[in-house]
Structures are given as structure tokens and as C-alpha cells.
């Protein structure tokens, strides 16, 4: 069975290191002399049988794969139903796999994608076609359970912490009082917003406030702390996750006809907070909405993240060949003075479609910052920097790799 | 007169390389064995006599000054009246200068600040106190006249082009159709928004549209081009300057009670465009509002910018000592295969309080992109990268320098 090609696919939103995992997969397959195909556009491409042959790419192309942001093979949000919901879709998948004699599937994705991967575990039982499936973790949101962290998160965190630190210096340079609000991604979890805490070199440094979806927003306490920071530092820097919730458990910045007099509210929670500050304190705020920049910023990727994303990919190939089935290449942290990580198998069924929120011990008692325990967790993940291939114009060389279709 | 201290100050908004100019000033003064003071918080500190003695800083501190974003001596938006408007303020300034025997003033700033510097030219005529003044250019907006470019702009441009290129790769990875809008600074000029054009490696690459304050916004033409880009590429990336104007010559995103039913419009022109696209094309957009990140991102500073910002500072010291008066250290570009720049004196009075907008030959005929001539102008300015002092956490070391007050 080992002479049959393995199939790899990327799924969900890209990260700065998703292609490092792809590189790990491809290099391991080459080392083991195994043919390796990849699906275009993730599960959407797999369903349609749109595959590429990675063996047609040169070693030089594979060497620069990990320097590219995005998802080199393409991704989609296409998800798979259960067997009971749509057996015909699974039988169509069987046709695609059988046509290419594929018996090993490596799915690189976040919660939804790992949930889909888990549904492949019973593929043989339902279709009579032997298939092994291994999951490879990926998400900037860091909300996969069963793993110490998810590749992609450390690099996004390093980007956010770097920018927060640089803006903090800029802000401290200004004689006038200033409020700066940085809105990060995170619809349900605060890992990314919380990562800006690493920007603080000394106690009291920016960000002075961190607002997390895991901690109910209290406007009075928030405004009190903003005033206090303005008095103490002359400025106040705030990091806020896009999914910050009010006391009713609903996101503060979602569409609320009653609150906007029938007009759709545009802009996110950062803009919403700026409105609150304007009304209550009479001050305008600077608002940065970082959006996709935080997940695309390969130029600030964490070297630890790159290395471990690569390892998650190469280990997945080894496990597939060695007969492992239905597990994800999860990370376990070894608690030493210099933390290190080991890749361990965790069952896909225990991971998919769940969500890891920030635990209470990582959130400060006043709900407006993180604890030292969170910083101890975060800091080893940020270590960098990673090399960037600058082109003659001084910008990162991002030329796409032209994969050869089968 | 040369044994009396020179006085340096930073004024206006910080840039990623403002402290490189400060370093150039200080190192030149040390080389010439001249005492050098600096004002805290720019002109606001000068008026109050809040000075520091740079000779008290160590060489190691001065060596890392250029690695810091922000304005190490502090800045303010404090401007000076004319002599006729407020002679008493000028006489108070005379007291400050006389108390410290200062006869050379170096003002590092943008349009407003250089305008103030120009008012010092007649200082001796009005107050009887001999004073020479030299201006040092600085602004990310690149809107100073009389100089090929303003230090600070190339680094902000390199940040914006890098981020646009990385996000473009991320966007191209996604199977579904996407619109991405990046709002840059630039209330009256489009130099920064236009700089994202360098992100395009091949014709048609992102950004597909660039919206400049110098080019009247035409909603129909805009929407037609967005549709066309979605059809051709599956995505559309748009760079827009915050000050984009409508046909009436007013910024599209300014407070307009009539258009918002009495509610103040929050969010900038990027959000405004997203609303237009939503209404007319029924699509949601991703909006990045880069805000202060673009001027604080020292980690992406252009090496050319850093070097020339330093040179502008050191040259100012040499000129002050050699008797030049009332000029700015402007840059003239030598048109060779590899462009180079020479520092040339340009009278402050011809620069201050004016504004250089993008000339017509840099704006494409359809008002939605730039010309090859603009890219020829821009590219040599971006060359990098510059070294960054990463700390043990993988973040840029931004510890402030503790200047000693006089």
C-alpha cells in the first residue's frame, strides 16, 4: 500500500505558517520516496477531484514553500456532511480516491476541518474502501483542543505583539493624551487579543487594557481603567477581540437594529468602543483594525511556529505510513527551563468541532488583562525571527508556486 | 559661537526613522565636539524651556537610537504664531535660548513644523538675538515640497506594500470571492495609498484599485472595476487614502449629519466603501484600518530611508556650524541606473505650510491606479531590509532612552 500516493490538503483560513506544514509533508514524503498528491482548494477540490502532483515540483520550489503566506494549494470553507446525511457525497469521494489509488489522507486545518477529518475514520466501514486519515493542526485562533497550541497562532501573536509595542512607543512620544484601540481577530476566543500583552516590557506598559470574549464586558469598569491609564501614562492602549460580548452574551458589534435606528452598523467592536469613549469621555480614539494582516504577516513569523508547523507535517506522513489512524499531530509541552514540544497523537474525534477558550487562570481578576501564567505560556511560542526572502525592491518575494495538475 | 550648544527638536507625528535623523544630528555634533541639547515634546517643550543634554547619553544609547520607533525626545502639535501675532511668545523663546547660550536651532518636522522653522529666520531681526535655523524633513505623508521625498515616507510605504503583498497571497488562496480594503493614512495626499502598488509583482496583481484624494471618486467606475476584478481574479484588493474625496471636493468619510440621520459616522473611508459595496454588489468586504501601525513599524523600515534620514540630520549640523541659515536639508535625486540622493539646501520659506500632492503624471488615466512613472519613483526608496534588535522574546527591543534634563 505504501507505493500508492498520499493525499494532502489545506482547509479553512490560511496562516503565516500553513505552507511550512505543507513543506514538512512534502519533504517527508520525498525522504520516504512516497508519491504525494494535494487537493486544490481543500475539501472543495477533493470532492471535485481537482488534484496536483507534488512530485513534479522542484526541490528549490519546495525549499521556498515555507516562505510563502497563504495556502499554496488553496483553501475553502467547504465542509463534509456525516455519512447519514449524504452517503452519495462520500461515495463520490470514494470514486476520487479509488481512481488515484489513494489510501492515506492528511488534512491540515482548524476545528471545522478536523471535524471533517474525524468523519473519514469510518470511511472504510461505510464504503468498503481502506483509508487512513491524519489531522495536522492549524489556526491563528489557537482554539483547537488537545494540543498545547495550534501552528499559525504564535506567528499571528508575534505580529500583534510587535505592532502593539511599536505603536506604544509612538504613542508615548506624543505630548497630547491619546487612546489607541487595536481590534484583533477572535470571534469566540481571546488568545490573539491576549497575545498583545507580550508587548509590555515593564508593568503598566501598553496595552493597558485587553478585552476578551471570555470575560464579560463591563463598560463602567472599562471607562474607569481608561481614565486611570490616561492619568498615569498620558495614553491608553486597548487590545480587543472582535467577538467581545456584552452582559447578554451577544457580541457587542453585531448588527443590532434597535441600537442603530434601522441602519446597519458598519465597522467592528474597535469602532464601537471608540464611540463609547467619545460619548462618555469626550475623547476621540485611534482605531486599528488589523483584519487579515495578522494571519498573512509571514515577514513576522515566529521561528518556533515555523519549525513546529513543519514538524507537524512531517510527523503526519510518518504516522500515516506507520499505520496510525484517526489522530492529529498535537503538541505536548515539556515543562523545562527552556520549553520544548513533542508531537503526540490525539484522536480526531476528541478534537473536531469543539472550541478551546482561554481558561480562567489566564485572565486577570479584573477581566481587563492577562495573568503572568498566560505570559509564561505565550512567550516561548514567539521566539523568532525567521528568515524572509526579500526581493530586489525590498519586499518579501511571494511568487506563487505553479503546481502541476494530475 | 561654536562652543555654544546646538538645539535640536522633533515636531509633529513620529515616523519609523525620525530617531535616525536624531542619531545623525547627535553623532555629527559628537564628531565636531559640539555640545547638543534637545527640547522635550518639540516646540511645546522649547517654549517652556524643557531641555535635555544629549552629551550625557552614552555612545551605546546613541547607537541604538535609530532602532526605536516614535520620537525619542517627544513631539507635540504645538505651532508658533508669527511675530506680529504674538511678539511676547517670541521674546519668551529668546529668554530660553539666551539662558542656555543657544544660537543654532535644528527643527525636524513636516509642513507645519517647517513653517514654524521659517519664522525663526527673522528671529535676530525682531529680537536682536543671533540665531541660525536649519530644517530637517520628516513626514510619512511625503507632502513636503522642495525635496524628492521626506524621510519616514519610504518606511511607511514599505510597510504598506509588504502587508498588501502578503494579504494578496492570503486572498488568492481562498476559493470564495473576496474583497479586501486597506485604508491608509493621507488626509490630502495619496502617496501612502499609492505605495501599495509596489506590492504587485505582475500586471493585474493586488491591489487592483488604488483610490487617491488627488483623483475624484466616481462610484460607478469604482464598482465596475471591482466587478471586473472579481470576475478576472476571484478577488479584489483596494487601497484607499483616508482623505478620499467625492465630487463635491469633501472627504467621503467626514461627519455628515444629513447622511447619517443625526448620528456621528464612526469608522473611516474603508468602512464607508465597504458599505457602498454591500449595498451595490451585495458582498461583504474585509477592511483593514492600518492607522498608526504604518508610521510606527520600525521593524519594516527601509534601509535607504534610515540611511538618508541619518544623513539629513548630520548634514543639518554641518550646515548650521558652517553658517547656513534658513534652509532645509532637502533631497535631490540623481537620475542614474541606481538612483542616489544628494542633500541640498532649500529655503524654509519656500517649503513650510505648503503641500505636495501627487502630480497628474503619477496617476493612471482611469484615476484608479498609478502610472509606471510613480513606480519608478517609489521602488528605489523601499530598498531594505534594516536590522532590528530582537529581544529574547522575539519582539523588537524598544526600551526608551532616559534623556537627562538640564
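Going from the start of the chain as shown, residues are counted 1 onward.
Cβ from N, Cα, C; glycine included.
What TrEMBL says about this one:
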{"type": "ACT_SITE", "residues": "B:141", "note": "active site, proton acceptor"}
{"type": "BINDING", "residues": "B:13", "note": "diphosphate binding site"}
{"type": "BINDING", "residues": "B:111", "note": "Mg(2+) binding site"}
{"type": "BINDING", "residues": "B:139, B:140, B:141, B:185, B:186, B:187, B:242", "note": "substrate binding site"}
{"type": "DOMAIN", "residues": "B:8-319", "note": "domain 'Phosphofructokinase'"}
{"type": "SITE", "residues": "B:138", "note": "site 'Important for catalytic activity'"}
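Ranked by Cβ neighbours within 10 A across all protein chains shown, the binding-site residues B:13, B:186 are led by B:186. Among the record's substrate binders, B:139, B:140, B:141, B:185, B:186, B:187, B:242, no two C-alpha atoms are more than 16 Å apart, and one pair sits at exactly that spread. When the recorded positions B:13, B:111, B:138 are screened for a Cα within 10 A of the Cα of residue B:186 (substrate binding site), none qualifies. Within 10 Å of residue B:111 (Mg(2+) binding site), as judged by C-alpha distances, the recorded positions found are B:138; the full candidate list was B:13, B:138, B:140, B:185, B:187.
In sequence order, B:143, B:184, B:188, B:189, B:191, B:192, B:241, B:243 are the residues of the same chain, not among B:139, B:140, B:141, B:185, B:186, B:187, B:242, whose CB sits within 8 A of the CB centroid for the substrate site. Note on proximity: of the binding-site residues B:13, B:185, B:187, B:242, the one nearest residue B:138 (site 'Important for catalytic activity') is B:13, by Cα distance. Rounded to a whole value, the Cα-Cα separation of residue B:187 (substrate binding site) and the residue listed as 'diphosphate binding site' is 14 Å. When the neighbouring Cβ atoms lying within 10 Å are counted for each of the recorded positions (B:138, B:187), the highest count belongs to B:138. If you draw a 10 Å sphere around the CB of residue B:140 (substrate binding site), it holds 32 other CB atoms from the protein chains shown.
Remark: residue B:139 (substrate binding site) has B:12, B:13, B:15, B:109, B:110, B:111, B:150, B:152, B:153 as non-local neighbours, by Cβ distance under 8 Å and separation of at least 6 in sequence. Ranking the recorded positions B:141, B:242 by how many Cβ atoms sit within 10 Å of each one's Cβ puts B:141 at the top. Note: the CA-CA distance between residue B:141 (active site, proton acceptor) and residue B:185 (substrate binding site) rounds to 8 Å. The Cβ of residue B:185 (substrate binding site) lies under 8 Å from the Cβ of B:140, B:141, B:156, B:192, B:241, B:242, B:290, B:291, B:294, B:295, each on the same chain and at least six residues away in sequence.
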